[in-house]
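Colleague: To start, I am sharing the structure in question, which I have written as structure tokens.
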Amino acid sequence: MIERLRGALASASFPVMALLLLSAIVVYPLWTMLFLGAVFAYIVRPVALRINRRIPYLSVSIILAMIVVIMPLVGILVFTVDSIINSAPSLLSLAGSIHVPGAGNLQPSAENTLANLRTVLRDILSGSLNYVVAILQSVPMISLQLFVFLSSTFYFARDGKRLVGYIRTLIPEETRPFMERMASETERVLLSIFYGHFLTALAIGLMAAVGFHLLGYPYAILLGIMTGLFQLIPVIGPWAAYTPLSIYDFVTGNILRGVLVLIFGLFLSTIDIYLRPKLSGKYADIHPMIFLVGFLGGPVVWGVAGFIVGPLVLGLAYAALEAYRMESGGEEVQ
């Protein structure tokens, strides 16, 4: 037993495994940003290669592609935080001053219900504002994570092909077919998640912002962003944004706008029902429950980044299982 232990310690694999373990400990606090960097590099690289046809410097092309792809997302995030901070006092005041025509004639139970609704709305707005303030208080850590994210996106986009080639040389010959199949399935799953969920949410959010503005709602862009976020959650969808607006209009006596926003919301939901499965199923038919669990469980483990990391991790696990099923000759599930 002791001789076998000595042999294991003296073998070449022991220092390699020990160093890999130490490296994992070093990388662990930042692995979320590294993971996101690898995912965004997958999106940035094709754009950079197109730019590289006109600009002969790949590094410059990647930086320009990152500006094209990532900066709009950063702008939306900054605008959302700024809108919540600036509009929260007005919304809190509005929530406390909601007046229902004929409220004096309502039964006490109905009056209590309205009072409870005001309280819940104020609590939600206050909680959202406190959450944003808490995030802003951790600006140094966020800045570090953002730096790691941008740096990893750049280097993965520039040297990712070499990294994949290096990893391929480490894979034993007998397992390469499985790994190739897994890489193919992973690509299909990533495209399905990106086009079927994130791109659909972006389209729904943009249409919602325009529609809410035309209907005369204040903070239409913020409402559009919220609609896009709700769209990411399969079970919820855009109705979670337009239904409260419709109820508010009905309660405050603006019946016409309440009906119009309800019709507009049904239009958004119809687009969601049609567009999401059409785009997602074009690449990989992922069950909505996988995305839902990842979307809700991810933030619990990884914070705000978990909204993206959670679905991707479960999607990659699904891709690995699908590759294993196909490699072992499993039948197609109907």
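Glycine is treated like the rest: Cβ placed from N, Cα and C.
Taken from Swiss-Prot, the feature transmembrane segment covers 24-44, 60-80, 84-104, 131-151, 189-209, 220-240, 255-275, 289-309.
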Colleague: Select the range from 60-80, 220-240, 289-309 that forms the most Cβ-Cβ pairs under 8 Å with the transmembrane segment (24-44).
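Modeller: So the stretch in question is 289-309.
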Colleague: Using a Cβ cut-off of under 8 Å, list the residues of the same chain at least 6 residues beyond the transmembrane segment (220-240) that approach it.
Modeller: 76, 79-80, 83-84, 87, 197-198, 200-202, 204-210, 212-213, 265, 268-269, 272, 288-289, 291-292, 295-296, 307
